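Data first, discussion second: the structure below is written as C-alpha cells.
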C-alpha cells in the first residue's frame with residue numbers, strides 16, 4: 001500500500017483509494033465499512049471501505065478474508081495483496097485520520113467527539129464511492145455503539161441503498177472483513193513508518209501495542225513527554241492516559257490573566273525563557 005501522500009503530511013487527514021473496477025460501475029455492488037485504531041493512544045485511526053459486485057461476492061469469500069483481528073500481520077498483508085491482484089472486481093478506499101486531527105477535534109471549543117468523527121468519516125467514504133460512480137446497492141457497517149441509531153442515520157442519508165449496521169460485522173460479512181483488512185494494513189504501515197516532525201532525542205520506536213493499558217506504551221509516553229510542549233503529534237493528547245501523564249510529568253502552567261497578583265515560581269512558563277544556571281539537555285522544540 002502506497003502511503004507516500006500520508007508520509008509527506010501526517011498532521012491532518014489523508015484519503016487513498018484503488019481504481020474503480022469497470023464492472024462496479026455497471027453491476028449492483030455490496031460495500032463494507034470498518035475501522036482500525038479507534039482505541040489506541042498512539043497513531044492514526046483508519047476508516048476503510050471495500051466493495052465488489054453482488055455477482056462476485058462468492059469470489060471475494062473464496063479469498064478467505066476474515067476479521068483482521070484474527071489474522072497475523074503477514075496474513076493481512078497477503079490478503080490485501082490478493083485483493084489488489086483481483087482489482088478487476090474488488091475496489092477499496094480509506095481515510096487516515098491523524099492523532100493530531102483526532103485530538104484537536106475532541107478538545108476544540110466546539111466539541112467534535114470520536115463517535116461523530118467516526119460516523120461522518122464512514123458516511124464520507126460511502127459518498128465517495130457513489131461519487132466515483134460505484135453502483136452501491138447494499139452497505140454493511142461494523143459498529144461498537146448503538147447499531148439501530150447509526151443504521152437509521154445512514155439509511156436516511158442514503159435512502160436508495162439497503163443499509164445494515166451490526167456489531168461484529170467484520171466477522172459476519174466478508175465485504176466488511178475485507179474492509180477491516182484494508183484499514184488494519186494501512187494503520188500498521190502508517191505506525192511503522194511514522195515520520196516525526198519533532199526532533200526527538202533517543203527516539204524509541206518500540207511503542208508496544210499503542211493501547212492505553214499497555215505498560216510498554218505508557219513507558220514510551222513518559223519517556224517522550226516534554227515538560228513544556230507535551231507530546232509529539234504521534235500521540236492522541238486528548239486521551240485520558242496522555243492527560244494523566246502530562247499532569248504528573250509536565251510542568252503546571254499558570255497564565256498571567258487567570259489569577260491576580262504576580263505568579264512567580266517554577267510553575268510559571270516564562271521561567272523557561274529566563275537565564276538559569278542549569279544547562280538544558282533537550283533540543284529546542286521545532
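Each Cβ is built from the backbone N, Cα and C atoms, and glycine gets one as well.
What TrEMBL records for 28-251 is domain 'RNase H type-2'.
If you take the C-beta of residue 34 (divalent metal cation binding site) and look for same-chain residues 6 or more apart in sequence within under 8 angstroms, you find 47, 48, 68, 141, 142, 169, 170, 176, 177, 179, 180, 183. Marked as divalent metal cation binding site by TrEMBL: 34, 35, 142.
The region 'Disordered' annotation in TrEMBL covers 251-286.
Apart from the site residues 34, 35, 142, the chain places the Cβ of 33, 36, 47, 48, 141, 143, 169, 170, 176, 179, 180, 183 no farther than 8 Å from the centroid of the site's Cβ atoms, the recorded divalent metal cation location.
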